[in-house]
Each structure stands twice: as structure tokens, then as C-alpha cells.
Amino acid sequence: MENSEGVKIESTVVTEEPLISALDIALFVVIITVAYFWYFKRDKQSSSSEKKPYTIQPSSLSSIEQTSNSPFIKKLKSTGRSLVVFYGSQTGTAEEFAGRIAKEGARYKMKGMVADPEECDMADLVEMKEIQKSLAIFCIATYGEGDPTDNAMDFYEWLQNGDADLEGLNYAVFGLGNKTYEHYNEIAIYIDQRLEELGATRVHEIGLGDDDANIEDDFVSWKEKLWESVCSHYGIEETGEESNIRQYKLVDCSEVLPERIFSGEISRLKSYENQRFPFDVKNPYLSKIAVNRELHKSGDRSCMHIEFDIDGSKMRYDTGDHVAVYPKNSSELVDKIGELLNADLDAVFSLLNTDEESSKKHPFPCPCTYRTALTYYLDITSNPRTHIMKELIEYASDPKDQEKLKLMASSTPEGKKEFHEWILRDNRNIVHILEDLPSVKPDLDHLCELLPRLQCRYYSISSSPKVYPKSIHITAVLVNYTTPTNRVNKGVATNLLAQLLPTNDELPQPTIPIYIRRSQFRLPPKSQTPIIMIGPGTGLAPFRGFIQERDYARKGGREIGEMVLYFGCRKKDEDFIYENESQEYVANGTLTKLHLAFSRDQPEKKYVTHLLEQNADELWNIIGEKSGHLYVCGDARSMAKDVHSIIVKVVMEKGQMTNSQALNYVKKMEQQKRYSADVWS
């Protein structure tokens, strides 16, 4: 008879056979062979994975030959380039700045390339010295609470843990930050100092861009002085050649099959039709809108409570996380661009990088229609930067329009003033510019190359997964405002969300792409730890999740610590969001105290900061005597700073400390994650 694998099995023993048959020997040889290859393959992989670029091997000929296969070094050497610009970018601005620097390198006989540190073996910076007159520039953003951007994390950790000899590496650093945050440009400053510690030569002093003021102005001013330093350091002169060279070339894709054309997907073609877990920044989940209701009771403003359905997605979130929402531009603005430029928005095209060595072949998913690019991929509502003004000059047929663009593109005091007033103060986007300078008619494909990518919008999650495991809640204020030119600007994401209203069960529900971004904004590990939450307006959002989670624990029989909430809004009868919920939590004992400030319900304005000062004893009792946690969510520019000052003052007075001691105490709270902020500017 035969078993299921077709191997014959004798039912009885008829004759004596050797202890080890030929079949046994054959099976033994197969097993040994498989084990041999498995062992050595595993050993090779393990050895490879252990060789993280934290240390640099001696630069012998053999080691150089091995490492020269790394992408950026190989490309530099094989293409005769001497300039590489790395970027650490979360929203695309640092990447944009890096591209502008690399492009301008041609004016100084330095052929450049842009590189993503996440895609490079940064240990190979040691080989930069082998390239004559080489230069590495780093455009690095600081993200969150003094963190590196996602794509710069490995490089940052390599610098922290490594001891590479970078002597001979010439470098410069430009940081992108925001002064309203405590850790202003912390990552860029660290990288600048650490490179010097490892022996590299700083060609130009670090530039610190402030996004709370005018980061474009900061960048342009630093860039001009950078090239002066480069010329001095290398003994070179500017060629005088303009750098208005196209980075991408237009490809007609009218013959491409419809199933090969992108229609709004972030990365993978047809990803919204064929969803695949895991979901992230490049692969968002197309979520149904389960609930969309108004939270304001009256008034001319709107605040929405929205619930995203994640049932069946395998997505998991923690209380305090953020959800990223991918918006799209309004069809009205998109159609306006087509009308102003007399362009066929439904023509299918592709933009292909003229640099064949670049890892970035297209500026956005291609091929697609112009309508798709302007709707899903390009930012047409923000204020364009000066380099776009410069590129538009050649398309102006009216001398007056041409001179205006030249002035705004220049770095003269008059030019900076004009750009600040006409673009920033008057809040003009590219549509407004094309309307107000009617002779400017850029090629649409060139405009698509120039405009920055449309970025996702982040919202604090206002629910707990313990209570709502199959949905994600957000609390969002509808953004609409009138500009000085009497135009109405609308928030891209919130105005889209306002239109996505759930229908009855018989009709398809509206959807929107989302993914979850992890946060450090977390409840204490022990449910008994007392906490204070300060969240005026939509700053209440994450605390709604905190309260839900503690309430869930209480109902489950667990002991919970004190929960004190400070909430403020304009008027109690107008914009007191989640009022009934909050009062219920007070009634059942989950919320120990609810301190309310309604700024416009009395002659003198009253804010949560006033209440904090009044309740100094309670504040110190929780954060000082009981080692509780304090959380702040909301406006970083004023509210969060005022809260910080009050906390320091209370620690001084109630803790009987000097100003220096109080500052150190609060700093230690932050380090211990007992003082956390989820703020925006």
C-alpha cells in the first residue's frame, strides 16, 4: 500500500533487510543538505543584519569597493556630481528646499542630487572626501516634541550611536522648525554639532528656519550666504547661469490603457479598489464616514464630530494617537486653473525626471490626468514660495506682471516686503496669482512640477479603542475665512469632511483615505494616577478619549485616580462641545472636577489660564504632592506657553522653590512624561 506521499509501506516483514536502507540514506542526505544551506543562509543574513552602519571600517581598497555600491555614493561618482542634499521632511517643505539647493548647484559648477537618508547607507558619508570639492547639505525638520522626521530617524540614531571618522566631509545644515514649540530646531542643531564632533568641516553656519514667522525668507537669506561661503571655501565663482532648468519632462500618455492611470491613489495603483493591510502614510485605508454631526448649538461657526469606520480593517489605535486624513482640492478651484490656462484637464500625462539616476522618477503618481494631479496630488491653496514666482516670470507677457514677479522673486528688502504683503499678508494662492496677473500663462505641466505636494491633515483622536474599537472619532472646526482681497479661503480637509454626510443604508457611504499616526500623548500606565487635562476648544478632543478610557476602567471595577478637566470656549450656549457627555462623567464620578471658562459670557474675558491660577492649591496637590500627570492640548502660540508659565509659577510658590529650581522641576516632569503637550500653531 502507499501513504499519502506515495511512499511504499510493507504490511509484513517477509525477509530480513539491512538496518539502514537506501531510501533512509537518501532521506538523510536530503535533510543534511537542507540543514547546511539553511544554516549558512541564516548565518549570512544574521551577519548582514548586524552590520548596522554605526561604525566605519578602515578605508582599505576592498572596503571601498564594497561600500561604493551604496546608491548615493555610486551615483555621485558615476555621474560626476559633487553635491548631495539630504532632507528630513514630514510635510514636504524640507524636500522642496533640498531640491532648490541641488538645482542651484549648477550655477557654481557643482552638479547636485537630492537624497532621502532613509534610502541611503549614511555610513558612506566617510567616502565623500574622495570626491573633489564635494559638499553634503542637510535640510532637516524637527518634528513633534523634538523628534526627527520619520525618514531621518535612522540617520539620527546612527549619529547618536556611532563614532565614524568624518574628517574630510564638508557640510552645511539648514533646520526647519517653529519657535512656538519648546524644542525649536533641536534635530538640526544636534546634527550640525554632531557632524563637527565626528571630524567633518562646517562650510557655512547652520540656518534656523522659523515656520511661525517666514521660513521662506529664512531659507532664502541663508541660501544666499551659503553660496558665498561655498565660493570662498572652494575658490570658485558663480557662473551666472540661471537655474530655471526643468527637473521633469512632459510625457504624453494619451495612449495609456485606462487601468494603468492613477486616479488619486497615494502610491500603489488601484490601492483603493484592492485594499491591503498594513495601512500607513503610503497606503491609507479608505474609511467610511459612519457619523458626521454638528457640535455647536448656534452661531456662525461650525465644529464637526466625525466617526471613521475601521471595522474589518485590522487597524488598531491607542488613546492619544492621531489620525491622518487625505484631503482633495475643491473642483471649483481645479476648474478655475483649467479655465485660466485654457488647458484640457482630462488629458493624460506623466512627468519623468530628467535625472536618470534619481530614485524619484515622478513628482507624484504618474500617469494621471491634470484634473487628478490638481485635485489629489498638488497643493493649490497655500501661499506659493519665491522660487515659484521666479519660474513664472518667463510666462508673463505683460511687462508690469513680469516686473512684479521679478521683484517678489528677489532677495532685496523691497522684494521681500512686496512678497510678504502681496502673497503672505493678502493670503494669495496660485489661483489668485493667476487671476490677478492675467498675462501669466504657465504651461500646466510646468506648474504641476512647481507646486508642492498636497499633504494629509492630522487630527487628535477623540475616542478610546476600549470603548470604540471599530471606529475613530475626531473633532474638527470648519475652516472658512475672508482674505484682505475679499476672497473666501476654505480649509481643504474640513470643507471636504463637511460634505461627507452618511446616507441611509441602501446607498454607498461616503469614504475618505486615512491612516493612524502613533503619538507619545499617553495616559499614565496606572489607572490610579491622578491627572489634570487642559484643553480649550477642540483641545478637548484627546481628553474625550482619556475620559472614556478611565470610565471604561471604572465600570470594569478598577480603581481610577482623580481626573480634573479644564475646558474653555466662547459661549456656553453656543460652542460648549460634548457638554452632556462631560456632565455625565462628572455625575458618575469618572471626572472629578470640571473647570469651565466661557470667555464671552461676561464683560471681562475669562480663559482656562485664569482658572489655573485660581486653583493653584489643587494644581500643586496633584502634580507636586501626588506625582500626578498634566496634559495640555490646543494652541501652541499663546495658550500652551501661558500654561507653562503658570505651572512654573505654581511650582515656585507652592513647592517653595526658586525660579531655577521650578524650571528644573517642570523639565523633569516633561522628561518623565508627567507633563505632555499635544499642541499646534
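Cβ coordinates are placed from backbone N, Cα and C, and glycine is handled just like the others.
For N178 (FMN binding site), the same-chain residues 6+ apart in sequence whose C-beta sits under 8 angstroms from its C-beta are Y184, D210, D211, D212, A636, S681. The feature FMN binding site is assigned by TrEMBL to 89-94, 141-144, 176-185, D211.
The Cβ of R301 (NADP(+) binding site) lies under 8 Å from the Cβ of V477, L478, D575, each on the same chain and at least six residues away in sequence. Taken from TrEMBL, the feature NADP(+) binding site applies to R301, T538, S599, R600, K605, K606, Y607, V608, T609, D642.
Around W680 (FAD binding site), the same-chain residues at least 6 positions away in sequence with a Cβ under 8 Å from its Cβ are G634, D635, A636. If you look up TrEMBL, you'll see R457, Y458, Y459, S460, T475, A476, V477, Y481, G491, V492, A493, T494, W680 marked as FAD binding site.
For 83-227, the entry in TrEMBL reads domain 'Flavodoxin-like'.
Annotation source TrEMBL lists domain 'FAD-binding FR-type' at 282-524.
The feature transmembrane segment is assigned by TrEMBL to 20-39.
Recorded residues Y459 (FAD binding site) and T609 (NADP(+) binding site) have their alpha carbons 24 Å apart, per Cα-Cα distance. S89 (FMN binding site) and R457 (FAD binding site) have their C-alpha atoms 15 Å apart, to the nearest angstrom. Note on proximity: of the binding-site residues G92, S599, K605, Y607, the one nearest A493 (FAD binding site) is G92, by Cα distance. If you compare Cα positions, Y181 (FMN binding site) sits closest to T609 out of the binding-site residues T475, S599, K605, Y607, T609.
Close to K605 (NADP(+) binding site) in the fold, though at least 6 residues off in sequence, lie S599, each with a CB less than 8 Å from its CB. Y607 (NADP(+) binding site) sits 26 Å from G144 (FMN binding site), taking the C-alpha atoms as the reference points. Listed in sequence order, Q520 are the same-chain residues at least 6 apart in sequence whose CB falls under 8 Å from the CB of G144 (FMN binding site).
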